[in-house]
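According to Swiss-Prot:
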type	residues	note
REGION	1-29	region 'Disordered'
TRANSIT	1-31	transit peptide
COMPBIAS	15-25	compositional bias 'Polar residues'
BINDING	Arg298, Asp335, Asp339, Arg476, Asp479	(2E)-geranyl diphosphate binding site
BINDING	Asp335, Asp339	Mg(2+) 1 binding site
BINDING	Asp335, Asp339	Mg(2+) 2 binding site
MOTIF	335-339	motif 'DDXXD motif'
BINDING	Asp479, Thr483, Glu487	Mg(2+) 3 binding site
Amino acid sequence: MSLSGVPLSAGLAPSPSNKPTNGKGQNIVRRSGNYKPALWDYDYLQSLPTLYAGEAHVEKLNKLKGEVRIMLEKTVTENPLAQLEQIDTLYRLGISYHFQDEIKALLNTIHNNNNNNNNNDDVYATALEFKLLRLYGYTVHSEVFNVFKDEIDKGFKAISLCGDYVKGMLSLYEASFYSFKGETILDEARDFSTKHLQKYVMMRHNNNSKDQSVDDDDDLVILVEYALELPMHWRMIRLEAKWFIDVYSKRRDDMNPTFLELAQIDFNLLQSTYQEDLKHVSRWWSTCKLGERLPFCRDRLVEVFLLAVALKYEAEFGYARRLLTKIGVLVTLMDDIYDVYGTLDELKLLEDAIERWNINELDQLPEYMNIFFVAMYNVVNGIAYDVLKENEILIVKYLKRAWMDACKSYMVEAKWYYSGYTPSLEEYLENGLISITIPLDLIFLYCLTTSPITEDSMEYLLQYPTILGLSGTLFRLVDDLATSSDELKRGDNPKSIQCYMHESGVCENDSREYIKNLISETWKQMNEVRVAKSPLFSQAFIESAVDFVRGAMLLYQKGDGFGTKHDGDAKDKLVSLFFNPIPTP
């Protein structure tokens, strides 16, 4: 089998007529997704100026990194809270990845001295330490919060809403999202802190009151409102950095100008790198002419690229981001072929063609499937060729199997649609964690970023281990909460919300609450996998699986940011991340 690229014109069957028929002379009625066109066209993406590329900016970045390293080394060891606050600030500014060794050294000391800590009566310090230790994979027990519970009624102690207390409640709230299954004390902490933070916000906004019982720092209420909207642990790192850089720059007392300048330059440099990536993938998209030949599909190049950035945001992973974007675009096309456009007979033909994986046997495919198959064949085989050169292992058969699994899961849903079948929630999710194609994307990520690659590791990936399943399930549920109403309007299958309604006889609002709770519970499982050391996967790969879900939380936070409502909140976030640099002096 050749791994060389095949021209997109190869094997394309001529269209028998302008109107598709089912082989019996009857016209086929196609559904429509009613998708809006792309927000950014080829000319716009190619015109991006990449203002912050160049050696001068890199030299400035490296100089500032050196200064920050010195600061971290000089942090007073007798003040672990100051160390924790520095680490937290670096993380939120999006620059902690430059200082992993220094941060690990500081946290090792803090973790080893846990028995001697003096934070037992400080909810802010205790929660901050707990959050950061779990964030960086340390073993830390939730019982540390028992000291803040009332000995009589066993609930958390209530104190007046002074500024320091609100900081403590915010810290407790953020820490609670790192909980594991069965840690009821963190469930209680989340409920308790949420209630008090909501009360604090109401007090601040009540006639713009600045009562003496409430802290007068506007920065604090901004942080609280932002956290209540979505906790930091669930947010995409790069976009979180852009938002926090702006907030941090306005602080009066505890702003570190070196941290700020480094974060600004780092963000702009990465943005320029992303712009070059976008130029590359937009040229590929234009050359393939897939958008022209498959006009019924979503043209979501930039949105797909966002998810590639969520997976690997560092500058050195441009090769992986570009290929992951191509894979994501092809997956989007396949999703629309199966969900919207193709008939059952056509879908079976495509499935058979992927099973054969032979460019010379496409005669039975409709024309629109021909061009899709050849584009997919070229990209997948190109990745396999690169892996063969670097790792001396031929992985085409594994990539084909992964793609086939996705096709089979799509076919299950197509059959549900045509038969009018509503599955149970368990049945839906068992299939849906594959049909969302997150495991497929993660398998490609593994191949693009791992060396060496072995036959055993590929076989293990295709058994869909826990980390792939959790990432797929979370993405599926988050997607469904945002998109199910729009998809039902065009006649799609019931999603998780409707499956649970049908199964349990509850109303839609109750079903949505159940799915939200299921998302929270699944995150707890993800948290446990994060801190468990895998013998087969690097911690970086596991973090990428978590980051994929964070990308979903961004796209679907306020509606279908990938489909029918991609010109709303999601658009603003994409513009902020990819097209608007941070002004610097």
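Cβ atoms are placed via backbone N, Cα and C, with glycine included.
What Swiss-Prot annotates, mapped onto the structure for a quick look.
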residue: Arg298; record: (2E)-geranyl diphosphate binding site; CB count, 10 Å: 24
residue: Asp335; record: (2E)-geranyl diphosphate binding site; CB count, 10 Å: 18
residue: Asp339; record: (2E)-geranyl diphosphate binding site; CB count, 10 Å: 20
residue: Arg476; record: (2E)-geranyl diphosphate binding site; CB count, 10 Å: 25
residue: Asp479; record: (2E)-geranyl diphosphate binding site; CB count, 10 Å: 22
residue: Thr483; record: Mg(2+) 3 binding site; CB count, 10 Å: 20
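In three-state terms derived from DSSP, Arg298 ((2E)-geranyl diphosphate binding site) belongs to neither a helical nor a strand segment and is classed as coil.
Helix first, then strand, then coil: DSSP counts for the motif 'DDXXD motif' (335-339) stand at 5 helix, 0 strand, 0 coil.
Spread of the (2E)-geranyl diphosphate binding residues is 18 Å (greatest Cα-Cα distance among Arg298, Asp335, Asp339, Arg476, Asp479). Model confidence over the motif 'DDXXD motif' (335-339) stands at 94, taken as the mean pLDDT rounded to a whole number. Under the three-state DSSP scheme, Thr483 (Mg(2+) 3 binding site) falls in the helix class. Across the structure, Thr483 (Mg(2+) 3 binding site) and Arg298 ((2E)-geranyl diphosphate binding site) are spaced 14 Å apart at their Cα atoms.
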